[in-house]
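Visitor: Sharing the feature lines straight out of TrEMBL:
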DOMAIN    1-162  domain 'Ribosomal RNA adenine methylase transferase N-terminal'
BINDING   G13, E34, D62, N77  S-adenosyl-L-methionine binding site
Amino acid sequence: AALRRTDVVLEVGPGTGNLTVKMLEKVKKVIACEIDPRLVGELQKRVQGTCLANKLEIKVGDVLKTDLPFFDACVANLPYQISSPFVFKLLLHRPFFRCAILMFQREFALRLVAKPGSKLYCRLSINTQLLARVDHLMKVGKNNFRPPPKVESSVVRIEPKNPPPPINFQEWDGLVRIAFVRKNKTLSAAFKSSAVEQLLDHNYRIHCSLHNTEIPENFKIAEKIQTVLKDTGYSEKRARSMDIDDFIRLLHGFNSEGIHFS
């Protein structure tokens, strides 16, 4: 994490504080988020009466339901079950932080860094890589833990892109979600689902009423969707092999025809 003396560090799931204490010795302040009151007690006891006590702030509760404070870096051995929602909470957090060094279950970590065409490439991969630079730093075998868990782990570095790409993330995620529901299907097939057509038809009608655009009586959203896919050249493409630039072009193609995803 290359921590500095002036840093405020966010830690999630400090447990009994092994990592916390190491960081307190190096930085200005550690804000530790812990859901288990018993562990909070352990952590407080550990620093009580030492010069580190006044550098530690503990937030008790579920980090996913808490507003994150200002911090420079996030360093955490995360509870694995909150990996995905926590990554997005981090990436949409403002003001920007410098970097996050996080330990995840190995397969989740490999999804974060997966590239188009790889078996693990998914909505998580492309969304994370849109908003941040992600690097796999090292593997951590299960024998490093007591008791050993059933899964292998990995440490990942996440560095938010600052400034972020000029894209409405809700729109972007709406499009990517549809494309990756069946990532091996062609986009033409993925967009033929009746739920998708209903959603886009509803959004299109709102768009037209806001812009005083008349909708022809024989209008069919399905035809308009397929036209956009053909015109942008993505009709026969599959999500598993498309990169960020492909999805930006496709989103622009839909938006310029008044079709929105949020």
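Every residue, even glycine, has its Cβ placed from backbone N, Cα and C.
Just so you know, TrEMBL annotations never went through curation; they're auto-generated.
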Visitor: Near E34 (S-adenosyl-L-methionine binding site), which residues of its own chain have a C-beta under 8 A away, given they sit six or more steps off in sequence?
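Guide: Counting only residues 6 or more apart in sequence, the Cβ neighbours of E34 (S-adenosyl-L-methionine binding site) under 8 Å are G13, P14, G15, V40, L43, I58, K59, V60.
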Visitor: Based on Cβ atoms within 10 Å, give me the single least packed residue among the binding-site residues G13, D62, N77.
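Guide: So among G13, D62, N77, the binding-site residues given, the one with the fewest Cβ atoms within 10 Å is D62.
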